[in-house]
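Q: The structure's right below; bear with me while I get my questions together.
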Amino acid sequence: MECCRRATPGTLLLFLAFLLLSSRTARSEEDRDGLWDAWGPWSECSRTCGGGASYSLRRCLSSKSCEGRNIRYRTCSNVDCPPEAGDFRAQQCSAHNDVKHHGQFYEWLPVSNDPDNPCSLKCQAKGTTLVVELAPKVLDGTRCYTESLDMCISGLCQIVGCDHQLGSTVKEDNCGVCNGDGSTCRLVRGQYKSQLSATKSDDTVVAIPYGSRHIRLVLKGPDHLYLETKTLQGTKGENSLSSTGTFLVDNSSVDFQKFPDKEILRMAGPLTADFIVKIRNSGSADSTVQFIFYQPIIHRWRETDFFPCSATCGGGYQLTSAECYDLRSNRVVADQYCHYYPENIKPKPKLQECNLDPCPASDGYKQIMPYDLYHPLPRWEATPWTACSSSCGGGIQSRAVSCVEEDIQGHVTSVEEWKCMYTPKMPIAQPCNIFDCPKWLAQEWSPCTVTCGQGLRYRVVLCIDHRGMHTGGCSPKTKPHIKEECIVPTPCYKPKEKLPVEAKLPWFKQAQELEEGAAVSEEPSFIPEAWSACTVTCGVGTQVRIVRCQVLLSFSQSVADLPIDECEGPKPASQRACYAGPCSGEIPEFNPDETDGLFGGLQDFDELYDWEYEGFTKCSESCGGGVQEAVVSCLNKQTREPAEENLCVTSRRPPQLLKSCNLDPCPARWEIGKWSPCSLTCGVGLQTRDVFCSHLLSREMNETVILADELCRQPKPSTVQACNRFNCPPAWYPAQWQPCSRTCGGGVQKREVLCKQRMADGSFLELPETFCSASKPACQQACKKDDCPSEWLLSDWTECSTSCGEGTQTRSAICRKMLKTGLSTVVNSTLCPPLPFSSSIRPCMLATCARPGRPSTKHSPHIAAARKVYIQTRRQRKLHFVVGGFAYLLPKTAVVLRCPARRVRKPLITWEKDGQHLISSTHVTVAPFGYLKIHRLKPSDAGVYTCSAGPAREHFVIKLIGGNRKLVARPLSPRSEEEVLAGRKGGPKEALQTHKHQNGIFSNGSKAEKRGLAANPGSRYDDLVSRLLEQGGWPGELLASWEAQDSAERNTTSEEDPGAEQVLLHLPFTMVTEQRRLDDILGNLSQQPEELRDLYSKHLVAQLAQEIFRSHLEHQDTLLKPSERRTSPVTLSPHKHVSGFSSSLRTSSTGDAGGGSRRPHRKPTILRKISAAQQLSASEVVTHLGQTVALASGTLSVLLHCEAIGHPRPTISWARNGEEVQFSDRILLQPDDSLQILAPVEADVGFYTCNATNALGYDSVSIAVTLAGKPLVKTSRMTVINTEKPAVTVDIGSTIKTVQGVNVTINCQVAGVPEAEVTWFRNKSKLGSPHHLHEGSLLLTNVSSSDQGLYSCRAANLHGELTESTQLLILDPPQVPTQLEDIRALLAATGPNLPSVLTSPLGTQLVLDPGNSALLGCPIKGHPVPNITWFHGGQPIVTATGLTHHILAAGQILQVANLSGGSQGEFSCLAQNEAGVLMQKASLVIQDYWWSVDRLATCSASCGNRGVQQPRLRCLLNSTEVNPAHCAGKVRPAVQPIACNRRDCPSRWMVTSWSACTRSCGGGVQTRRVTCQKLKASGISTPVSNDMCTQVAKRPVDTQACNQQLCVEWAFSSWGQCNGPCIGPHLAVQHRQVFCQTRDGITLPSEQCSALPRPVSTQNCWSEACSVHWRVSLWTLCTATCGNYGFQSRRVECVHARTNKAVPEHLCSWGPRPANWQRCNITPCENMECRDTTRYCEKVKQLKLCQLSQFKSRCCGTCGKA
């Protein structure tokens, strides 16, 4: 830790202090302040605006040391600079404008955002690329980066948060609020899809309001975006966004990017105006716009100041409230605006005590009482709980809670709720009756009622409550059945009665009931007791009886009483009328007549009411067969008026009559199923449903058939729909786990977890992690928690056991095991695999020990190295090498590397690879005998191998050759080859310098980079070897075939080329050359001129290849017997060289004459030989093909040699510039087929080609003859047209016509001495680097119309230049244009009122009436302009007869007039040019409608007498059914219905209409009659037994619940006190609560009573507190005697009318408040001398406001003296 010295003045002290600041530890300074003096004052700010820095110093008071910092910094002047201030960094750069830099003045501009040193002052000279660091650091307070608040202090960039504090990391949220939580804005995202419209050219995409941030819109499609703006002042603007760039629109920066298929619009914000993004439709296709931005919440809650105190003295309280504030208009608005945003949380009111001073003894109005000092706070008060909404199963009970205030007299009044918000509001609802509802409990079944066959069994079902008590209240609908059938396995032999009692006739059953008393059964039933005696002894009285609900318990054979609601069915009458005879007092004498009269009168009384039929009810169905029921009414026979049904005798009620109705079949209709659940909960899911066309044949049989969809006339409802089309909330989406980091011992596996949001269109949007509120799933987890197998842990080698001579080194081994917890533990050594002895002990060798008394001579070890280079050409299993050289080998070869060391023991030899010690492994064997073996080479084996024998060291470099004869890139190694080879014996520095010099041999500018030259000595021969491998050093075709692993491929190669096997017999496995030979070549090349170096390098490489082959063949020839040498001629066919140079190796001089028939047939091959370099001054030039001849003034003769081999012997011919050479006395063909030119002239310049031909093929080689070395270009004068091939290649000078999308290669073969440099031009402009240039050729990939033009190749060297050109024409085949507006406009102009149609490749159709004319358009584009030919019915239209037509607009429009049936059909236009053809079609159809009678429709009924079949009548157009309205004018065929299915119908249930509900609310019952009827073929419906219908269908229900809604009503409380707001003199408002409740008093939501008229909840009332009015005082004196600035004021207050005391102003708010100030003395001043016009001028002067014009003019006198 450095000491803190005493502060001394100067910049050096500040600099050192800041260094101390950066080196201090992070301990708190407060712990160490005891030795420090107090902090000094803050320095002045480094800037006056824009954010600067200020510092403070302190000194150390101790003589020892003080820990901590002696300087501290803070930000200052954090206010925005005015626009004219400019950039702070730019000001510092401009300060150097008057200082010369290198003797010249510059205008300096700032260079910002330097990633390496942002706090240095780097500036750029205006108008140049010169960038200079003018100062090592900028002034304190300069921003590090333009888009960051971080600032530079003492040359270092310090972090600054958005709170402008140093070291703060707080940032702005998406709303622009520093350290905000994002609650002041909301994310808006959406998608807009344009709709093609002929009448609508543009549309609004989205409106982005003022203040929005982070806006991004992406348009995909052909349409175009543009902007409309509107500022807060109402100024409107528009920006068309015509080009890519960054614009300033209404002071908002807009970044716009325009692409061929999309447009991107970005605005960082905040926006300074309202932006409306609009889209301009192009009309070609739909476009989609996706947008996202953060919209500010402009309405926010704002906490108010405290309200006035509730008491003026003696202690009161005051509260705050919250008001909704509009940030745009800066005004308070209604609260509903803030409730619109869920993010807005209304602040809770704050409460504080106030006016705690005691009240004065008397204020003149009242005597102070003790209770005046007590003022209780408002409180919540609740009403009693209402009755529970449910008697069981959990209900709700509620109460009203209101805020009340108690005055000093104890009167309680309701006040606004906000006054009680300082405490939690009491709950207004709570659960109640949460115990279970009564449930049905079924007991065990009784035994079967029969002993054989089928019978019945019964059980008791009781309603049990939650305490286990028998009670009522269970739902009858859910009651389990109490009776079921049972079968006894014993058969019955007694004949049974055919019909059960239930099936007997009604009157027979009634007789049975009268005769038999009701008996108790095992099913609950009503059991009436006997009638009581008549209540009177004479006359008409009543009788009563008890009716019980009883059940027979079969298991106990006892009768149990049940609640009445346990029995089903109507309850028997418990009361009836009775007649006890006349009440005359005398016993009459029996008189039959009188008796008849008496009882006859009673009979007449009974017969006064009777049942009668009154028509039928409405048909129950509108189609498909319904039923009508005869209406039976009880009528008064005398008045014929309806009476109550109980007045008629029930037993005499006539039977029910039913008849069928509306038997016509229902039309086919769509049957729609229910929607399935949505497949997704958000982010657009799908719902499906079944929709099918059905036809109801018979309602009584419920017979329905499914029809084809086209038979339903109505449009088919949708079977699928989107659902939940809203954005999902952001959620975490984890990816798959990655593989474990370990295979055992406890590893870790990771995965990527992204925060994404599934959008309403199904796509996913990746969001920042802060958007996902849920906890983030784990990104990593433990894995492979099992223990690892035991392994050896080896220590370092110990020192040698001796100080000289031979010794040993040892190391220890520990058996270690990695546990699943990740910790290691030592285990028993038996658990580890056996350890080789060599792994724990090895020999070591130090300096030889000196023998005492005898002088000795030191002989250091020596390694016999071989300085050779090896190049493997054929696969071989194993190769042996000696260290000291370089080897370029094929993969999978085994290598044995020997280290022949002398004067050292073999076991002491050690091996290294790339500087790392090598030990034996399964792949590399380090033998103790001084050699190293590598098994099957792989790329990682490439590198530098070093053998060490004591101080002696030798290296061996191994590199691999890939399958494409390229050197394999070496993997990364810890040490470079340069570092390893630098340790070679014999001066590493000199070797390195020599290597670096030789590396430059192949480099001339960019070519060195292109060849990838080596950067270390281990790669110095790589370029030569690569050239040998790539440029035909030996027959590559034979090598490639031999490299194949499959022996079958070798056999194939031998069969195809019989000479290949002979060549391979003489081809070496490895080519060997001396390193010094390669060093000589590199040295020779370094001495050549730079422009000829590449040319000679190719020459020397080819000679090197010949030498290698020749030395190998000569060595092999000496090993063969003479006979073998005579019969083994080998000729190696050369490999064509890129540059024209080649090597020719002939190992037999027998020529073509030798061998005779023994030689195999082979194609011609011209031998490429290398001649000596031509001397320009030679008079006779003799050369071989493949070179360049330069004609000089002294050249007398040129001899061009052409030697070819092949069998049969090839024929030689010569050509010049592609044309056959015309021999003359000056141009001669020699006997050896050489071409000689005597006295060459300029006309002889050109490319001469030797062609060798026999029956098997041909070969050709060219040679260039130039004039004095001038450039020569091989040209071709031909036109190439390409429409199909993917690539085309031509020589310069040709004309190319090709379609788009192909690759075009233009060859520019040049010659000249020195070699000419090629430059390409397009339309006389030089082509840049992006074009593909290779060896003089120009490659144009994927050509388009923009590539069309004139391409020129210029060849230039020291002797001149030559330019040749090729014209490239892009053909565009005929195709349909994407924009059809032009052809449509052409059709509209040709025939404005004529129907028209455009042709298309797939064909279009136009339907016309007979006699009309039509226009057919053929939209086409192409280059050249296609020629259009029209056809009709496949024949040229010019040959069509009977067709009136005109061809217009150069063939693009065909007008056909007076169409008829013969002229309709297919019209086609054929467009063709050089690039292709296109056929488009359109059909003209003459429409004609007619009626068609089809098959009979389905029978309208399946039975009965109403079934008919109607013949189906359809309106057709060209055999296609259309709307029948089209056939309205056609004669309709007469059709007659046919009767069908006239037979008896099976029995079916007939139901009547439902009766009226028994209750209007609270749950009632509806009933209807259900009978079994049978419809005869005659149409008569008769009742039958119910069993006949039960077999067909289940009996319909005859009772159902209705009007289940609760019975509700409005209820209200009593009127509250008259303490509401004043609305006039003496008038206030009082309130009462109005709520919805059931008749039982249960409170319900108000919506339940919405159908009922709601009582008023407020009314006006008389209030003494509202006896108030505004009182004003007199106006004060005017503040000025003249001018425009005088004003006067007065006091305005609200006072009580009786007491004349001031009261709160809100009590007078019902009337307008008088003005409390006004202008005055608005008259011009008479004299214009400088004087004050207001009395406030002294304050103006004290506040230094005189510089403001409005104050200076009014205080002229005072400010003039200032």
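Here the Cβ of each residue, glycine as well, is placed from N, Cα and C on the backbone.
Got these off Swiss-Prot a minute ago, pasting:
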type	residues	note
SIGNAL	1-28	signal peptide
DOMAIN	33-82	domain 'TSP type-1 1'
CARBOHYD	Trp39	C-linked glycosylation site
CARBOHYD	Trp42	C-linked glycosylation site
DISULFID	Cys45-Cys76	disulfide bond
CARBOHYD	Thr48	O-linked glycosylation site
DISULFID	Cys49-Cys81	disulfide bond
DISULFID	Cys60-Cys66	disulfide bond
CARBOHYD	Thr312	O-linked glycosylation site
DOMAIN	376-424	domain 'TSP type-1 2'
CARBOHYD	Ser391	O-linked glycosylation site
DOMAIN	436-493	domain 'TSP type-1 3'
CARBOHYD	Thr451	O-linked glycosylation site
DOMAIN	522-584	domain 'TSP type-1 4'
DISULFID	Cys534-Cys578	disulfide bond
DISULFID	Cys538-Cys583	disulfide bond
DISULFID	Cys549-Cys567	disulfide bond
DOMAIN	666-729	domain 'TSP type-1 6'
DOMAIN	788-850	domain 'TSP type-1 7'
DISULFID	Cys804-Cys849	disulfide bond
DISULFID	Cys815-Cys832	disulfide bond
DOMAIN	861-963	domain 'Ig-like C2-type 1'
DISULFID	Cys899-Cys947	disulfide bond
REGION	1120-1164	region 'Disordered'
COMPBIAS	1139-1151	compositional bias 'Low complexity'
DOMAIN	1164-1266	domain 'Ig-like C2-type 2'
DISULFID	Cys1202-Cys1250	disulfide bond
DISULFID	Cys1308-Cys1353	disulfide bond
DOMAIN	1395-1485	domain 'Ig-like C2-type 4'
DISULFID	Cys1418-Cys1469	disulfide bond
DOMAIN	1545-1608	domain 'TSP type-1 8'
DOMAIN	1666-1726	domain 'TSP type-1 9'
DOMAIN	1726-1762	domain 'PLAC'
Q: Of all the disulfide-bonded residues given, Cys538, Cys549, which residue's CB has the most CB neighbours within 10 A?
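A: That would be Cys549, with the highest Cβ count within 10 Å.
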Q: For Cys947 (disulfide bond), what residues in its own chain, 6 or more apart in sequence, show a Cβ-Cβ distance under 8 Å?
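A: Correct list: Ile863, Val883, Leu897, Cys899, Ala901, Ile909, Thr910, Trp911, Gly930, Leu932, Arg953, Glu954, Phe956.
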Q: Out of the recorded positions listed (Cys76, Cys81, Thr451, Cys538), which are within 10 Å of Thr48 (O-linked glycosylation site), Cα to Cα?
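A: Final answer, ordered: Cys76, Cys81.
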Q: Counting other Cβ atoms within 10 Å of each residue's Cβ, which of the disulfide-bonded residues Cys66, Cys81, Cys1202, Cys1250, Cys1353 comes out lowest?
A: Cys81
Q: Among all protein chains shown, how many Cβ atoms are found within 10 Å of the Cβ of Cys1308 (disulfide bond), not counting that one?
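A: Step by step: centre on the Cβ of Cys1308 (disulfide bond), count other Cβ atoms within 10 Å, giving 26.
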Q: Cα-Cα, whole number of Å: Cys1469 (disulfide bond) versus Cys1353 (disulfide bond)?
A: 43
Q: Tally of helix, strand and coil residues over the domain 'TSP type-1 1' (33-82) according to DSSP?
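A: Helix/strand/coil tally for the domain 'TSP type-1 1' (33-82): 3 helix, 14 strand, 33 coil.
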Q: Out of Cys567, Cys815, Cys832, Cys849, Cys1418, which has the highest number of nearby Cβ atoms, where nearby means within 10 Å of its Cβ, if these are the disulfide-bonded residues?
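A: The largest 10 Å Cβ neighbour count belongs to Cys1418.
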Q: Going by C-alpha positions, which of the recorded positions (Ser391, Cys549, Cys1308, Cys1418) is nearest Cys49 (disulfide bond)?
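A: That would be Cys1308, the closest of Ser391, Cys549, Cys1308, Cys1418 to Cys49 (disulfide bond).
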Q: Which of the disulfide-bonded residues Cys45, Cys534, Cys538 has its Cα closest in space to the Cα of Cys1308 (disulfide bond)?
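A: Smallest Cα separation from Cys1308 (disulfide bond) among Cys45, Cys534, Cys538: Cys45.
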Q: Mean pLDDT for the domain 'TSP type-1 8' (1545-1608), as a whole number?
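A: Over the domain 'TSP type-1 8' (1545-1608), the predicted model scores a mean pLDDT of 86.
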Q: If I count Cβ-Cβ pairs under 8 A between the domain 'TSP type-1 3' (436-493) and each of 33-82, 522-584, 666-729, 861-963, 1164-1266, which range comes out on top?
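A: Result: 522-584.
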Q: With an 8 Å cut-off on Cβ-Cβ distance and a minimum sequence separation of at least 6, pull the same-chain contacts of Trp42 (C-linked glycosylation site), or say none.
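A: Spatial neighbours, sequence-distant, of Trp42 (C-linked glycosylation site): Ser54, Tyr55, Ser56, Arg74, Cys76.
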Q: What three-state class does DSSP give Cys1250 (disulfide bond)?
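A: Cys1250 (disulfide bond) sits in a strand per DSSP.
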Q: Counting all other Cβ atoms within 10 Å across every protein chain shown, which of the disulfide-bonded residues Cys60, Cys578, Cys899 scores highest?
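A: For the disulfide-bonded residues Cys60, Cys578, Cys899, the Cβ with the most other Cβ atoms within 10 Å is Cys899.
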Q: Relative to the Cβ of Thr451 (O-linked glycosylation site), which residues of the same chain, six or more apart in sequence, are found under 8 Å away?
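A: Looking at Cβ-Cβ distances below 8 Å from Thr451 (O-linked glycosylation site), excluding near sequence neighbours, one finds Val488, Thr490.
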